[in-house]
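> Right, I'll just put the structure down here and ask away after.
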Amino acid sequence: MEFLQGQSVETTVAVAVAVVAVAAGAGFILLRSKKPKGCLDAENFKEFKLVQKNQISHNVAKFKFALPTPTSVLGLPIGQHISCRGQDATGEEVIKPYTPTTLDSDIGYFELVIKMYPQGRMSHHFREMKVGDYMSVKGPKGRFKYQPGQVRAFGMIAGGSGITPMFQVTRAILENPNDSTNVHLIYANVTYDDILLQEELDTLAKNYPDRFKIYYVLNQPPTVWDGGVGFVSKDMIQSHCPAPAADIQILRCGPPPMNKAMAAHLDDIGYTKEMQFQF
């Protein structure tokens, strides 16, 4: 009888230890999988410090802003944007939307690649910014919501600085090992020097040759050029974007005249409204 009682006590202790171990393991997994809280506020502007400014060309610069801690994340859903507040040349307040080129996998900071136009009101603010200055930011904003695998493939048509949301979505897709979505991008500009994020785009195309295709189009190409010439045409879309189907979507972002022309092309080719999204 004493032997049986000893067995019972040992069994009880073993079960208790096992339960504690399982609970501890579950707690560890929960902590590991818990997504960090983002730094953005959709209702109120928050201040972020400019820690680096790299001039890429005469009118394009990359701005790096620090988050509150080295482990903080911005908390911006894929395909959405932020509102930046500044002052124009007359001192009046101006607010404009921008899409960071970084993801939440880039912890402790976020980056904006900004093309600064001579008469642009917010361009003036960015042009005047110095390291140590603060930018007022609010967000997230936007209607686009992305879930891995929601479509088989994306076709993307971007013009000028409209590349930034496309780059953000493309990066998120290709760098996610659980996402098999293919991306076909047509990127249009006036001149070769106007192409934004070219090095980053070409690196993605090189690293993911089976899943990411990019076709550059220039209105004023250099003498030696193997991309498209002129404006984006229906033929270019049919050649470089997935054909109309229930499991594909075409995204577009560019100047208003381009967006209008692309919408007409897509309608003519047979893409339904459900297959199209404009940033």
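Just so you know, glycine gets a Cβ as well, placed from its N, Cα and C.
Not my notes, these are from TrEMBL:
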type	residues	note
TRANSMEM	12-31	transmembrane segment
DOMAIN	43-147	domain 'FAD-binding FR-type'
BINDING	Pro97, Tyr98, Val113, Lys115, Met122, Ser123, Thr164	FAD binding site
> Give the mean pLDDT for the domain 'FAD-binding FR-type' (43-147) on the 0 to 100 scale.
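Mean pLDDT, the domain 'FAD-binding FR-type' (43-147): 96.
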> If you count other Cβ atoms within 10 Å of each one's Cβ, which of the binding-site residues Ser123, Thr164 has the most?
Thr164
> Quick one: give me the count of other CB atoms within 10 A of the CB of Tyr98 (FAD binding site).
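Other Cβ atoms found within 10 Å: 22.
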> Could you list the residues of the same chain, at least six apart in sequence, whose Cβ is under 8 A from the Cβ of Pro97 (FAD binding site)?
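For Pro97 (FAD binding site), the qualifying residues are His81, Ile82, Ser83, Cys84, Lys141.
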